[in-house]
Amino acid sequence: MDHPSREKDERQRTTKPMAQRREHCSRPSGSTSSGVLMVGPNFRVGKKIGCGNFGELRLGKNLYTNEYVAIKLEPIKSRAPQLHLEYRFYKQLGSAGEGLPQVYYFGPCGKYNAMVLELLGPSLEDLFDLCDRTFTLKTVLMIAIQLLSRMEYVHSKNLIYRDVKPENFLIGRQGNKKEHVIHIIDFGLAKEYIDPETKKHIPYREHKSLTGTARYMSINTHLGKEQSRRDDLEALGHMFMYFLRGSLPWQGLKADTLKERYQKIGDTKRNTPIEVLCENFPEEMATYLRYVRRLDFFEKPDYEYLRTLFTDLFERKGYTFDYAYDWVGRPIPTPVGSVHVDSGASAITRESHTHRDRPSQQPLRNQTASSERRGEWEIQPSRQTNTSYLTSHLAADRHGGSVQVVSSTNGELNVDDPTGAHSNAPITAHAEVEVVEEAKCCCFFKRKRKKTTQRHK
């Protein structure tokens, strides 16, 4: 009489583990039975290499190709979800444009959304530090010519960028054929300026909430005007002068409140004549700023005219476009020391969220900057998420000490997050790659066997 009961118990004991295994195999992302966190079928999540308002940035590895990747994790229950929108913009941009990171995967990972992207090199801000915070005219022109093409491509896909700053422009990884290419990253603040339904330009509006980084944003953005293509180009012009001068006249302003300081930045920017800003530099720099500031809200910029301004100046100076940037030949810091570069190659808030003057508690990244630079503060109204997946702007805007006014509560990941127990789990390194725990920049790695690279023409 007891045999049927024993057989039933035995079936229950054997079928339960099998059901659990089927559940695990059908799960697209999450922790495996060995405790390894996976994103999608083939991306293994490793140590934490950065964090920001969006959540965490993790080092990852493609188990099929042994290539390292960057993985952004955002809580699914975030009050201001951002990652899927950024992924959609990357898909809208496509893979045809030069200087855009590859996006490998987007999907759930336990309690988080995850986006897997190409791992790139250091940012222009990192390299600016390396070059004693001044770039030569040749380097700035090589950067400017490339970034005008990047922005033209972004605009051709019906997007405006709205987040110009040196931290968002990265070179490729050392030893990679794209190491000389300036990449544009982080489309968390981008916006469609062509209505996808009507195919018409968005209307001109005023009293808009501020979007961008105060140091570089256009004058019209300070005035609360809706941004369009012209504002991206003006912000680029301010960044070019930052590289040439080493600083901008509206840095380091004093005020009692963040709101007043932000107002002072805009006032100083408006009251600084272009001739003064560009004094002692080629006239083409002033011509560029005059042109972009005179553009109409709806007007399509003449990108070729602006590029020709710089290419003609480049040729008149007798420069060769050999990608011999100022940082070439300098030891570039990596997570495992320095790599000597072969001389042969080389935010704010969305409109739907209210602005709150609450500074971020994130530390400044660069601990070696001068005390004067550390003492400078700018208001950087918060974006929904701090969406850089590679390097510098995971923390507050460095050197200038920009304060992020946070309007979302994403914060860091909870202590009980599924990756927390495995953040230090080693990733089996390729023979040529080493990874250490304390990484100043998460975008590049020291190669043990130095590969010779040819100069890119």
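Cβ coordinates are placed from backbone N, Cα and C, and glycine is handled just like the others.
Listed features, source Swiss-Prot:
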COMPBIAS  1-13  compositional bias 'Basic and acidic residues'
REGION    1-36  region 'Disordered'
DOMAIN    43-314  domain 'Protein kinase'
BINDING   I49, G50, C51, G52, N53, F54, G55, E56, L57, K72  ATP binding site
ACT_SITE  D163  active site, proton acceptor
MOD_RES   S343  phosphoserine
COMPBIAS  350-359  compositional bias 'Basic and acidic residues'
REGION    350-384  region 'Disordered'
COMPBIAS  360-370  compositional bias 'Polar residues'
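Sequence features, as recorded in Swiss-Prot, placed on the structure.
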residue: I49; record: ATP binding site; Cβ neighbours (10 Å): 27
residue: C51; record: ATP binding site; Cβ neighbours (10 Å): 18
residue: G55; record: ATP binding site; Cβ neighbours (10 Å): 28
residue: L57; record: ATP binding site; Cβ neighbours (10 Å): 24
residue: D163; record: active site, proton acceptor; Cβ neighbours (10 Å): 27
- Message: Give me the CA-CA distance between L57 (ATP binding site) and D163 (active site, proton acceptor), in Å, as a whole number.
- Response: 19
- Query: Between 0 and 100, where does the mean pLDDT of the domain 'Protein kinase' (43-314) sit?
  - Reply: 95
- Message: Can you tell me whether DSSP puts G55 (ATP binding site) in helix, strand or coil?
- Response: strand
- Item | Rounded Cα separation (Å) that holds between the residue listed as 'active site, proton acceptor' and C51 (ATP binding site) | 19
- Give the helix, strand or coil assignment DSSP yields for I49 (ATP binding site). strand
